[in-house]
Amino acid sequence: MQLYLPIAEVSVNIFLILGLGGLVGVLSGMFGVGGGFLITPLLFLAGIPPAVAVATSTNQIVASSFSALLGHLRRRTVDMAMGAVLLAGGLVGSGLGIVLFNWLKARGQVDLLVELSYVVFLGTVGAMMFVESVNALVKSRRPGARPKRRKHYWVHALPLKMKFRVSGLYISAIPPLLVGLSVGVLAAIMGVGGGFVMVPAMIYLLGMPTKVVIGTSLFQIIFVTAFTTMLHAVTNQTVDIALALLLIAGGVIGAQLGTRIGARMKAEQLRILLALLVLAVCGQLALGLVLEPSELYEIEAGAPA
Amino acid sequence: MIRLALVLLALALPARAEEIVLGLSRDEVAITATFDGSDILIFGAVRREAPPPAEAGPLQVIVTVSGPHAPAIVRRKERRAGIWINTDAFEVDAAPSFYAVATTAPMNEVLSATEDLRHGVSTPRAIRAVGNLIPGAGTYVSALVRIREEAGVYRLQEGAVDLEQETLFRTALSLPANLVEGNYTTRILLTRGGAVVDSYETVIGVQKVGIERWLYNFAQERAALYGLMSLAIAIAAGWGASVAFAGWRR
């Protein structure tokens, strides 16, 4: 069944888009990632113009993240205090990121920068998570092994200490602010919610428990992507509501399933899966940069004359 | 003096021996929610005052349909330090979003190169690029044509026009699903021996209608409200799904 999208100006298969939305929704619910780094390339493949794909996927992420967040709120796995601190940093960061993005765009090569930062960040984050979670899984299987005591990172020595009750942390507000800020910058440059950077940063830099991390990440993602959606709608008019509705319909159902699956799995298993997923996307992008493309030319259509 | 002017005028506007009378199966295409392409039948007849000249070669018909023109930037990738990056770019002043050429016979038999240049018939000639004088610009234009031909929006259909008894002609054109709004200029050219005998131009209007039109205008004219509506729908859908699933679980 075909549907003509009013803003994207292409005709798409309804079930294909529903399926894409559902797939990304499952991942969103399981891992607390918005899925922007997956849905956008998938929409390119489905023939949606890049500008519309980027803008519309942020709107879809709002819906699937909200659906997943409600699931986490019911289980009380959202640290609102931490989320608010991260968000404060994140909004400042995305503002800075947009300025940086436009500065780079004026100098060309913005595509290359986006792809390179994807490869570098996905590669590092994925590899770190994979090694760490495999180690954790091996240790937990070994009988008689004592649980390791919570490490004291350098971040614990900073001033402005705050109590994050849900995470069971009493740390300075400065590290979460900085994490939020840098994720905000990345999010604006790479056009994603930033969950795939945020989740590992919360686990490894802030020392938050994995179960709380996902809900808290979702909480922050909703606000960042809502902000980006508005920005795209107002400046470029590239949010396609018909496309978004199809993605949302698939996505909200997927997110609910994903939350259920996530709740039944071990934290280490979840992290290994997310690490593998991140590495796969990274590998795909790296290949695209290194292999000779079949078409050396590309067209960037301008505004209608 | 007046007599000379009349003679010059008569020379400048020779009486056309053969003229086109055109019909279109439709001169409007409405893009609805379920739009997935459209077929248009272009047909017509050749009216002549005198019998066709025998020595000028057989009559041929060319039909072109062109979408709205827009500028485009063509970028070329090169390998630098092991990775493929955009190095050079070329700006095409105006390239049609859609371009189809249908003829009665192979292009080189139907139209001479000079006539093609004058009337801008074949696809590369239909693209306006002032910077064509820059060395190597041709490769960018041919890359543009190649990419759009692969995407199915530029087409050359040689032999797709039926011509009967040098009088009645018709061709069917299928417009793709990824159609851009605008006026689609339709041209019919009659040629003999590679030279254009007569040409005729008309417009097919392509427009979004109904909900497609409404949403598009909404997004363009009230962008902030449209953005808020999109967010409201997203939040409502997320909440609805969560409630529905919570209920289903119990």
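Glycine residues also receive a Cβ, built from the backbone N, Cα and C atoms like all the rest.
These figures come from a predicted structure and were not determined experimentally.
The annotation transmembrane segment is assigned in TrEMBL to A:12-39 (among others). Beyond the ends of the transmembrane segment (A:12-39), by six or more residues, the same chain brings 1-3, 5, 46-48, 53, 57-58, 60-61, 64-65, 67-68, 71, 118, 122, 190-196, 199, 213-218, 221, 225, 243, 246-262, 265, 270, 273-274, 277, 281 to within a C-beta distance below 8 angstroms of the stretch.
Annotation source TrEMBL lists transmembrane segment at A:83-104 (among others).
Annotation source TrEMBL lists transmembrane segment at A:116-138 (among others). Tertiary proximity for the transmembrane segment (A:116-138) is limited to same-chain residues at least six positions away from its ends with a CB under 8 Å from its CB atoms, namely 37, 186, 189-190, 196-197, 200, 204, 266, 268-269, 271-272, 274-279, 281-282, 285-286, 289.
Positions annotated as transmembrane segment by TrEMBL: A:185-206 (among others).
Taken from TrEMBL, the feature transmembrane segment applies to A:213-235 (among others).
For A:241-258 (among others), the entry in TrEMBL reads transmembrane segment.
According to TrEMBL, the feature transmembrane segment maps to A:270-291 (among others).
Scored by C-beta pairs under 8 angstroms, the transmembrane segment (A:270-291) has its highest count with A:185-206, from the stretches A:83-104, A:185-206, A:213-235.
With a cut-off of 8 Å on Cβ pairs spaced 6 or more residues apart, the transmembrane segment (A:213-235) and the transmembrane segment (A:241-258) reach fewer than 3 such pairs and are scored as not touching.
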